[in-house]
Amino acid sequence: MGIHGLAKLIADQAPSAIKEQDIKNYFGRKIAIDASMCMYQFLVAVRQDGNVLQNENGETTSHLMGMFYRTIRMLEHGIKPVYVFDGKPPQLKSGELEKRGERRAEAEKLLAQAQEAGEQENIDKFSKRLVKVTQQHNDECKKLLTLMGVPYIEAPCEAEASCAALVKAGKVFATATEDMDGLTFGTGVLLRHLTASEAKKLPIQEFQFTRLLQDINLTHEQFIDLCILLGCDYCGTIKGIGPKRAIDLIRQHGSIEEILENIDSSKHPAPEDWLYKEARGLFLQPDVVDCSTVDLKWSEPDEDALIQFMCAEKQFSEDRIKNGCKKILKSRQGSTQGRLDTFFTITGSLSSKRKEPETKGSNKKKQKTGATPGKFKKGK
């Protein structure tokens, strides 16, 4: 689910923290990808006849097709993807998972009614609501990635939290997910629409976390409290508090505790036994992968094993799989060229108070080449 209304709130309150990017701008970047979100995207994708992709045995294979081709697309653009799979959900998420189960049961009833009435639009709509990523989907995608030579990580808990930890540790450049709670976990850069279908022609949205906090004038802890007020997976929220009011209250009072002290509880009651402190703790100190043990390596695809798995077992076209292998190998040859900015380290900006020896035209040169940390161009 992520954080309710956070993307729109950022667009309204801190638009310069968002940039629209083309995939080619991430050449040479290592990016941690929320695997569950990807698989869900692939599973809800349908063919023109309205059916999910299946093999002759009736097994769903759309997750494998999506994982294969979207991964190749990233590799062709010089991106080094690492997929991060969800581990065991935290206990606090049990309430949200229970609600999802109830929504699935309701969707099953509505689907049956739509099928009886022959309403194709509603059949498609409610069928998508019943899509669930299973352990088999996870295992098959892990096998596929291994055969493609692409690394993956099994997170101990939430994938987005481990993605954020990898970014903080400098192992990868960004987190790629559609869920905005990657920012709540503190990822320095969050990318949306990286794994979206090319047919949708969606520009990649790049969120800069440091710039976001600067623009909304909140600390990370205050931002977490804001996200809890907006609505997250771990607990309820105060009734009748919308996004604009939530950020105003955090700016005014600084924390949920102070808000509860000053708000009219008869108009805006908090949930009974509200576990906001526990939710805050999960965002601040999540259970994540030990980044010091992570050694990311991309290798050549195992073409024979890929053909056995994808063609003999899953009945994909052998020509297409072979062609995909050629693209992976070609991308590996191109990826030996690094990003120019990886050869330099910015150690800090020059102090304006410090006098430097001046030569003719030096002021102009400084203006052209000087870099100030934390400044980004507003996306078009």
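Going from the start of the chain as shown, residues are counted 1 onward.
Keep in mind that glycine also has a Cβ here, set from the backbone N, Cα and C atoms.
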Quiz prompt | Residue from Asp34, Asp139 that Swiss-Prot also lists as binding Mg(2+) 1 with Asp86, Glu158, Glu160 | solution = Asp34
Quiz item: Can you pick which of Asp225, Asp233, Asp248 Swiss-Prot lists for the same Mg(2+) 2 site as Asp179, Asp181?
Solution: Asp233
Self-check item: Glu160 (Mg(2+) 1 binding site) versus Asp233 (DNA binding site) - Cα distance in angstrom
Solution: 13
Self-check item: Averaged pLDDT, computed only over the residues in the region 'N-domain' (1-104)
Solution: 86
Exercise. Can you check which residues sit near Arg70 (DNA binding site), meaning Cβ under 8 Å from its Cβ, same chain, 6 or more apart in sequence, and list them in order?
Key: Cys38, Phe42, Thr195
Quiz prompt | Separation of alpha carbons, Glu160 (Mg(2+) 1 binding site) and Asp181 (Mg(2+) 2 binding site) (Å) | solution = 7
Self-check item: Which listed residue (Asp34, Glu158, Asp179, Asp181, Asp233) has most other Cβ within 10 Å, given these are binding-site residues
Solution: Glu158
Quiz item: Given Glu160 (Mg(2+) 1 binding site) and Asp179 (Mg(2+) 2 binding site), what distance in Å do their CA atoms have, once rounded to a whole number?
Solution: 8
Practice problem: Report the DSSP secondary-structure composition of the region 'I-domain' (122-253) as helix, strand and coil residue counts. | Solution: 69 helix, 15 strand, 48 coil
